[in-house]
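Database features, via TrEMBL:
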type	residues	note
REPEAT	70-112	repeat 'ARM'
REPEAT	112-155	repeat 'ARM'
REPEAT	154-196	repeat 'ARM'
REPEAT	196-238	repeat 'ARM'
REPEAT	238-281	repeat 'ARM'
REPEAT	319-361	repeat 'ARM'
REPEAT	361-403	repeat 'ARM'
REPEAT	408-451	repeat 'ARM'
């Protein structure tokens, strides 16, 4: 038996390491009485196979690298040949070489080769050569050294020219390679701008492939962020209309997200803002506020907030206004900041919007937002401004004035006049209190909440500030608010509160008459 085991030992090792060398039907004699138990040789079989595969890969890798190293000088010459057929064949071979990692590394390390590929792509007379060359650059652009080599050999202007190619695959390779350059190569953004890349990219928004559009829009975002000139070029080439069309008609989340990022960048540009609104941007962005993608909702909200002051005359925003009122129930500070900001702008001097927001529970929702905002001025100021708009100059203004009281909003509003003063909130609150006082039923609750002494104190403080600066003949601003506006606002609010005889007595008892005379 021992002799038999010795004879089959080599067989067992061979079965474990090189199973492909066994003769069909030949099996090694088992060494374990229990077949479910593995022998030591069997246990080592899998690691041995992995080791063998790794060694084979290494040999192949070395072969690939050596082959490429030998071929590069010859291929570089052939790519510059005058015969287009020769150039085509050379481009096809180089394209094959980029499929393997080892040969790709060799190509990347040869600037002359990369330069030859760029030239071959630029001067190609047939589409197949252009496609192969663009594919090579695309493969090389996944490595840092590749990006640098493409950049240094004038690849960017050549790739930008390829954006006018009628061949879909060439277009895809060109935009993806440019995208990789914009993301990871220093100096690429400036080079793309100088090569008129934006003028070529914006018309590509008319294409229909969502993945292609996602890459194109991301390029536009990378080029326009923080660069006013780029924003104006996008506008001049019809960018806002193209972007709004995508937001309105596609449902691929990544594309919607990249497009919303471009619109967010453009929405802070005074020239692009009205163009986006005119193209129906408010309505299109509003469609995506109830979806499941948080990052898309957040971008749409910030963009809407930036656009909303240019959209006060827009029609067809009923759905958007209702969604925004519902979003006032959110606990997310960013969402609250945006929703209150948009509502504040859209209810400014627009009686239709004021009535609509009042009728769909906007007053109650805004009061709750003020209560939850606490110290957060980014929410408190636009929320109070929106309430100020809702309580004046539209058919349901009186309804809104009553609603503030009925939803226990008066104490919360008066509290905002307390220390520490953040003047934009104070200014908005003073205006809101004036509007609330127009409703006789609110006069007593305002008095009970302590509105009168707070308004008088504010009036004194603001008046002293203006007097101090008047001697120096300069206007006094705090947090961007003129103290004269606070004086006017407090005087106006106290004037309306004085319609109530009890309030009148309280105001007079605070030695305010000399102040009013001044």
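Glycine too: its Cβ is placed from the backbone N, Cα and C atoms.
It should be emphasised that the depicted structure is a prediction, and the values quoted were computed from it without experimental measurement.
Regional average pLDDT for the repeat 'ARM' (196-238) in the model is 98.
In terms of DSSP helix, strand and coil, the repeat 'ARM' (196-238) has 34 helix, 0 strand, 9 coil.
Look at the repeat 'ARM' (361-403): DSSP puts its residues at 33 helix, 0 strand, 10 coil.
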